[in-house]
Amino acid sequence: MGGGGGGEGNLMGVLVPTVNAGETSAPAAGTEVVVVVTEEEEVDKDILCPICMQIIKDAFLTACGHSFCYMCIVTHLQNKSDCPCCSHYLTTNHLYPNFLLNKLLMKKSARQMAKSATPVEQLRQAIQQGCEVSVKELDSLLSLLMDKKRKMEQEEAETNLQILLEFLQCLKKQKVEELNEIQNDLQYIKEDINAVEKRRIELHRTRGRYSAKMRTLVDDSSAMTVRPPLRDKGSGAIVSSPVNLQEQGRAGTSQTRNTDTGAPRNSQIVQRKDDNHGGSDSQDPNQPGKSLARKRRVHAQFNELQDCYLQKRRYWARQSQKQGERVANIKNREGYSAGLEDFQSVLSTFTRYSRLRVVAELRHSDIFHSANIVSSIEFDRDDELFATAGVSRRIKVFEFSSVVNEPADAQCPVVEMSTRSKLSCLSWNNYTKNHLASSDYEGIVTVWDVTTRQSVMEYEEHEKRAWSVDFCRTEPSMLVSGSDDCKVKVWCTKQEASVLTIDMKANICSVKYNPGSSAHIAVGSADHHVHYYDLRNISQPLYIFSGHRKAVSYVKFLSNYELASASTDSTLRLWDVNENVPLRTFKGHTNEKNFVGLTVNSEYLACGSETNEVFVYHKAISKPAARYRFVSDDQNDPDGDMGSFFISAVCWKRDSPTIVAANSQGTIKALVLAA
């Protein structure tokens, strides 16, 4: 791991046996030879070489009566001309082979080998050395060996059969479990098919009754077209017979009535007919195409949807078993089980959209700054305004409705504020509409009043660049920030200093309050982990979510228990902060070095990509549900090759399929999910 994270290795390894030199003493003259070290014997000091203190190899005797290894004594005499033991004058001419000692060493070595050798090796050595054995003894020995061989083969066969049997039993158990799981899945599917078919029959009957009722209303409205002459009776007009009325209707003699009264009623009748058939797929010319497109999306992501269905169905089955049979039998108003209802919600939302469509575009360019990278986009609490900030050192606030409805050349920010440093992050206060927090490259956290365009509070405790800031939703006076100084700081707008500091071991890239708690925050760190803290006890994280292979650049909450994280390993991950388990990994976009943005709502995650694309994922499906590529409008880039451009910020408009995204070129686009 990197970026401050690392595992603790095992500091205690296997110890290497050593010989304590202080326990050996110099051998007596004429008896120095070698030591043979075994586990069961003490060292024989008489057979150690006085120079190398090892068993003598190729023993040579000196004129003074001492024995050495030949190479040891020759090497010594190249530097000195004396005996290493008694200092007597010595040259190579005074060295003689010690045949007796060499023979004794060979016998000792043979005895040691015989002691450590197996009976088979001893027998082989005896036969090789010419040991006299009779034919009868050999026959007996061979018979014994054959019996031993047959016994060993039988034991080996029994062992092999036992291993094979255990394998087959284990395989059988696994397959039985898989079969039971498949049978349970098939039972779930059958139950759900019956529930869906029953619901379809009910809808068909309801639609039939509704159609019959509407036909009755249409017939009544048609009959009303011949009644106006009868109402003329009260005013003294001549009453015409039904035959005359029919003839007049065919002849068109009552033009004024047809013009003033008949036309509106006829249009009303047409409108009612449209209303009557509006819910029918066969009457909407676009409906078959939409239905076909949704079916194609299902087939394209069939494996993902299958896994999602089985996961939800099994989960709710386990929950029902835990809570008892009473809960297991609870159905929703359509007659669906909880698992099927949950999956239907996923299926309907996932197949509803397949692309992103541009509804507005504006440029974040600044004539005073050539750099236009937008680092952060945030909507206010009412989704009426959105603020942008970046390396241009300016916070710009736009009215969303104006951006969407007015021409591109007429779009101007309603508020613009200058800062001293490049900006990294923005966060609106969820209660005080006009309060906006920012973090910048100098480590300063600022709270702004958008109405007065002035700063309300400035916090300068961070020692390095502050990457992230976030207002608490449940406690509007609290906010949290994270910085490259490896510190997370909690602030209160009523105090000038931080109220809490968490020291970590790696750079902090992102911080986020749990939307349902003022005591829990998530921290994305360069150590590849997401740290989840309870601010009431900051001695250690409540949970540490591991799985990313690089720095965690963003953390965002979809709900009180669902947390999304983004990393420069080109993945998004979804976690359950209540159960401390990973839920899903999302892949498709490219993110290896830049901050490309992350935004979430209750159903979808969206992020940028270093391919200058916006990617949208459904939280239940690992593959992208939609994507959109920014096209270059640079005159020097006629082919639309975006080169090094990348998406730098994204933000959902809450409870809406609309997302605002910006890229490193300074282009901001409002996109909407579309079929």
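Using N, Cα and C of the backbone, Cβ positions are placed for all residues, glycine too.
What TrEMBL records for 135-199 is coiled coil.
The compositional bias 'Polar residues' annotation in TrEMBL covers 241-270 (among others).
For 279-289 (among others), the entry in TrEMBL reads compositional bias 'Polar residues'.
The feature domain 'RING-type' is assigned by TrEMBL to 49-87.
The region 'Disordered' feature in TrEMBL is assigned to 221-294.
With a cut-off of 8 Å between Cβ atoms, the residues of this chain six or more beyond the repeat 'WD' (459-501) that come close are 4, 424-432, 435, 437-447, 507-513, 515-518, 521, 523-524, 533, 535, 538. Here TrEMBL flags 459-501 (among others) as repeat 'WD'.
As annotated by TrEMBL, repeat 'WD' applies to 545-585 (among others). Away from its own ends, the repeat 'WD' (545-585) comes close to residues 3, 507, 509-517, 520, 522-532, 591-602, 605, 607, 617, 619-620, 622 of its chain (Cβ-Cβ under 8 Å, at least six residues beyond either end).
DSSP assignment over the domain 'RING-type' (49-87) gives 8 helix, 9 strand, 22 coil.
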